[in-house]
Each structure stands twice: as C-alpha cells, then as structure tokens.
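Below is one structure, written out as structure tokens; the observations come after it.
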Amino acid sequence: MPVFSPVLTRREFLLLLTLISLGLLPRLQCAGSRKQPSGIDILVSGQSNTVTQKVLTTDGKECKFPFRFGGVIYHQCISMNSHKAWCSLTHNFDRDQKWGFCSSQARLFNEKCYEPLHLKYYDIGDSWGRIYLRSVELCTCLSGGVSCERARYTVCSRNRCENNGVCRMIEATGEEVCGCISGYNGQYCNINPEEQCYRDSGALYRGVASVTVSGSSCLPWNSDLLFSELTLETVESAARRGLGEHAFCRNPDQDKLPWCYTMMGRAVSWEYCDIKPCSKPVSGPRSPIIAMAPRPSRSPTRTLSCGKRQEKRISRGRILFGTSALPGAHPWMAALYIADEFCAGTLVSSCWIVSAAHCFLRNPLKSQIRVVLGQHYFNDTGPNTRTFAVQDYILYPHYTQFEPTLNDIALVKLKKVEGRCALKTPFIRPICLPGRDMMFPDHSSCKISGWGHVHERANSYSHLMEGVVKIIPFDQCSSPDVYGSEVRSGMLCAGSESCVDACQGDSGGPLACDCDGVSFLYGIISWGDGCGRSGKPGVYTLVPKYSDWINSVIKKSRKTSQKTSVNRTKINICVGS
C-alpha cells in the first residue's frame, strides 16, 4: 500500500503563492480578524492550519499512522495476518483492536490548527478555551481555519495555573483556562520557551527542546503510541512533573538529565535530549568497576547497585507476540555470539556472565565467542554497547550432553580491556544473584527478555523484547499432561494463560524476579515444548540451587583478577510482584 505525502509538493506550493499574489485567491487575514482561512503551515494571527492527504479504509474511515501492532510501529498499511492490506483506526491497535481494509484512494484534508498560546495542534472539530489579549475566548478548529468567540466566564474556585498565571472558567463548557504572564506559555503556564538550559538533573526544566542527542524528534507525552510505556495519573499531577500534551524534553523520573520517548526504527525507544546544562558540574571520580553487591535480607537496602533498571515504562508486554523493551530496561542482558549461533546471558558482576550450558554443547573455541553488553538492536553495536572477547567459559561440573536440560547453567568470564571489564552505565549494570535459600512464591510475576523468535521457525527480533510470566507450581508443571518426569529438581516453570513464553534464541537469558524494587536472577531460560503452546510453559534453570557454585567459581578467580565479591546472606521467601 503506498504511503501518501503529508505535504504539498514544491510546485503546488509555488502555484498557490502565485495565485494569492495575483489576487485569484484571498490573502491571509491579519491580526485582529477572528476567522482565518487555511494556509500551509503559515502562522497567521498566532494561528495556522495544515493541509494533508490521508489514507482511508474501504468503508471510508481514516487510517491512523503511525499505529502500534504487536509492540511494533507501522507507518503504512500492512498485510500481516491478512490477504489484504489493512490499517488501524487508532494509533494503538494493541489496545483498541479497531481496524479496516485499506483503500487505494486518498483525500485532501485540513488536518490541524495550531494554538501558539498552548504550543500545540488541535484536530478539526476540537474546541478549546484561551485568554487572548485579556479576553476569554472559546476557539474551534474548522476546515476553513480557526474561529474564536468571546465567552462568558467566572473566576476559578481553585487556581491550577502555574508561575503566577490567572485562572478563568468558561461558563458554557466549564473549562478552566489560564492567562500567563510574559515569558510563559502552555495550557497551565508551565512552559518557558526562553529556557535554554537545565539546572541540576533538569527535573524542573520547562523549556521547549524536543530533539535528542542523536537528532531524533521527541514523541508527545500523551501519544497513544506510549500506552505501554507511560501512564499519566491525572492532568494535574502530570503538569507538576512538566508532562502534558506536548513533545518537550522532561525528567519526570529523577534521571540524570531531561529525556523523551522517540521512534527508533519501528519501535518506541527513549534518549537523552540535546540540551546543555546551565553550568558545568564539578567533575567527579571515574565510574567504578561493577562489583556484586551483598545479597539482601528480606528487605534489600537502598545501597544495592545491582538489579536496578532504567524504568521508563509500565510493562504490559510479552516476548511472544509481545512488546519491545526500552533501552536500559534490562541492563544486565548480554548477547552471546557463539560462532554461527546465538544465545543470551546475564551480567552478574563486572567480568562474569551467567548463561545456559547447552549453548556451549559444541565446545566452541573461546576465540569464536563474542559478548556484547548494552545491546538493544540485534547484532548492532550502537553507542551504548561494549564488546568483549571471552577469557574462559565454565560449565556446571555435573552437566552432560546426554541430559542437556539438567544442570543447564554455565559461567562466561569476559576478557579485560585496558585492565578492566564492564563499567556501570545506565545501559550496562549487573543483576543481583539470589542466595541459595531464596524463594519466590508460586504465581509470582517475573520478567523475561530476549531477541528470540516470534513463533517457531520464525526469524529473530530486530530489537530486545520483554514479557511478564508467572511462576507455575512444580507439581502442576511435573504433572503427566505437562512435562511429567522431564521436570526435575533444579528447574522451575513459568508462563501464563496468554501464551506468554520465551522462545528459541532466548536460551541463556534471565528470568528476573523483583524483591522490594531489586531484580534477582531467579531463573535461566533453558527449554520447553515449542513456543507459547497452550499448557506448555517455559522451563528455567533454578539459579538459587547453583548459587554456591557460582560464588565458588568467582571467588577462585579473585586470586588472579580484581576482587569481585558475592556475599552470603540469609533470605527465605520474598513476596514477588
């Protein structure tokens, strides 16, 4: 299905200007007029109207591009799971499940009206209030432009306007509108177009920067595409954090500087913004080598450096038919390229990766193994990644190729670069190792992640995916109608009724369970009967059973390498999320 151009061609634009200059088309009216004809992104009296072409369905409904399907973003009609090209009728098919078959025809629409006082666009038919030249007005976006009329109002019972703005309530609609003092804009006077830099971490930055360090444009914080990433609790609380119906850089989660969501290929991602600090911070010490933190008691202390994510989303997805992960959401993920094969692994300390033993069944040469940390896109080493050769890999002593699902665990030691292994960054950091007695109750929710297949015999994902599974009782998983005697001590099962499952290509990756906000490596993706089959959950190596072995191997390596501590603690049951 072709994608239609959203703007006029250069020839059409020049022709339009010529017709206006010859008096064959009416000129755009000046300030003071209360009604303006449509233009082509030309600001008139503080307002503009854009012209665009849209794709329609066969029954005349409008296709919404881009739209989200299966966690992936599409900018045109697709034929996936259908013999005819189709599109979503909303920007989020995963949420709304509304669609139609695409027509081959397009129509010309007047699509948006721009309100500079709010710094935002409105759709045709939308109405909004504003205070313009001390007059309270009710405006409507029409196909011919913007129409504004004076409106009766009262004083607001509570002033929600920030930065000394005044609040008025339009009697006809009950809408509260703000009048901003000089230097501030936005629906709640919480945007400062003159703010060119950020202070401290930028939590109070309210400027209009909307481009990331890589040059990508920011997505609006209220975009339907962010349904799985962001929840704005209330308009008022969102405004306090600088969020709203705009695409300006903000720092609502106490990160180190302002950031925003972006489109990265066909997936939602995020990046830090291209904004300078108002003053250069005093340079601190170099980032320390990653070291394993002590394993926690029932309530982990806040000093733990392991098991911390860059939480930029509320996860609702799955690996199989699931949603794409955001960079930094699983900073312990390791991509293991083993000759012509691929496995995943988990960073547990600066130089050590935990993976599945069956990934090394063919006894590959150490020179054939490459480990990439911080990877988001499959087989892509971007600016956030670090690549390491392998100094050694060690299989569990009782592992045998004759029973490849039993004791399916291996340790991989990274080869140091310039005397050190992994440095901690927002995209690279270790997960916490559990104690040997640590348990998560049955039905606890845990997270899986990987670059595996959508379904059996399918290609791998282009970007990291994530999902949520629940721990299944051992008795249920070892019943004759599931796996029977194939499930043994040292294994656990996890899945859900929604066909949530890890799949081929995710082998060796983590089953991460959270305890009091800290993630622990509770399982290793090992085996299963197909992918996402009903009644056939994924089977994982139970890591706590092997904690003593992991500790002993790492402790032994300390004699010839930098100290890496993995301390013991008494921990019993953690109530998972």
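Positions of Cβ are set from backbone N, Cα and C atoms, glycine also.
Residues or ranges marked as signal peptide by TrEMBL: 1-30.
The annotation domain 'Fibronectin type-II' is assigned in TrEMBL to 58-104.
Note on the domain 'Fibronectin type-I' (111-151): mean pLDDT across this stretch is 87. Residues or ranges marked as domain 'Fibronectin type-I' in TrEMBL: 111-151.
If you look at the domain 'EGF-like' (152-190), the same-chain residues 6 or more away from its ends with a CB under 8 A from one of its CBs are 116-120, 127-131, 134, 136, 138, 206, 236, 239, 242, 244-246. Summarising the annotation, TrEMBL assigns domain 'EGF-like' to 152-190.
For Cys161-Cys178 (among others), the entry in TrEMBL reads disulfide bond. For Cys161 (disulfide bond), other Cβ atoms within 10 Å of its Cβ number 24.
A sphere of 10 angstroms centred on the C-beta of Cys180 (disulfide bond) encloses 22 other C-beta atoms. According to TrEMBL, the disulfide bond annotation covers Cys180-Cys189 (among others).
Annotated domain 'Kringle' per TrEMBL: 196-278, in sequence order. Per DSSP, the domain 'Kringle' (196-278) is made up of 9 helix, 21 strand, 53 coil.
The feature domain 'Peptidase S1' is assigned by TrEMBL to 319-555.
The C-beta environment of Cys189 (disulfide bond), restricted to residues of the same chain at least 6 apart in sequence and closer than 8 Å, consists of Cys161, Glu162, Asn163, Asn164, Gly165, Cys178, Gly179, Cys180, Ile181. According to DSSP, Cys178 (disulfide bond) is assigned to a strand segment.
Using a 10 Å Cβ-Cβ cutoff, Cys178 (disulfide bond) registers 26 neighbours.
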